[in-house]
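What follows is a set of notes on a single structure, which appears directly below.
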Amino acid sequence: MATMKMADGTTVLRRNRPGTSAKDFCRWPDELFEEMDSTLAVQQYIQQQIRREPSNIDLILTPPDSQDEGVWKYEHLRQFCMELNGLAVRLQGECHPDTCTQMTATEQWIFLCAAHKTPKECPAIDYTRHTLDGAACLLNSNKYFPSRVSIKETSVAKLGSVCRRVYRIFSHAYFHHRTIFDEFENETYLCKRFTAFVTKYNLMSKDNLIVPILEEEGSGESDA
């Protein structure tokens, strides 16, 4: 069922046609990568692998044969940022400016927001919004990423700084909003996938990967 606003201000319920419910929108048939005839083929392929088995990180991060590595990394980072918006929405319920006045991860890490003319402290939820907005602006920039088929090395080099900033959203959620983090991670495996991704392509220092998500899996520890 869906709601529809009428001209007189009243709201009526409208029944969706069969096959148009939210759960049906992503139920398109799988395609071989070679058959994806589009400039968005890499994005389509990544999303297809996620939809097929979101917990299979190795499958999702394994590129098709002869795939350009720069484009592969770029498209994965775009996908991470899109999915991180889902975590940001959940955080809004309890990550308020008056309670999370800084972007922190434990008492040892305080992050400055780069969205301002001079980097400065921001409430954590504002930092999250600013960071995702800034990442979207860069990744959709015609100056740095005019093509989805080939990307210059100078532009690929910018992906590491985006990874470092968006990772802080995971770390804040893990250390300060653990229930929200765990619920989201159990559904999406996003932090685990992101950690494996930046490790595989050496996009972040291991010293900055402070969410022990791979270690927890390896040791068989249960969630706190």
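Every residue, even glycine, has its Cβ placed from backbone N, Cα and C.
There are 20 other CB atoms within 10 A of the CB of H177 (Zn(2+) binding site), with all protein chains counted. As annotated by TrEMBL, Zn(2+) binding site applies to C95, C100, H172, H177.
The Zn(2+) site is set by C95, C100, H172, H177; from the centre of their CB atoms, other residues of the chain with a CB within 8 Å are L91, E94, A124, I125, T128, A173, H176.
Annotation for C100 (Zn(2+) binding site): same-chain Cβ neighbours under 8 Å, separated by at least 6 residues, are P123, A124, I125, H172, H176. In sequence order, A124, I125, T128, H172, H176, H177 constitute the residues six or more apart from C95 (Zn(2+) binding site) in its chain with CB-CB distances below 8 Å.
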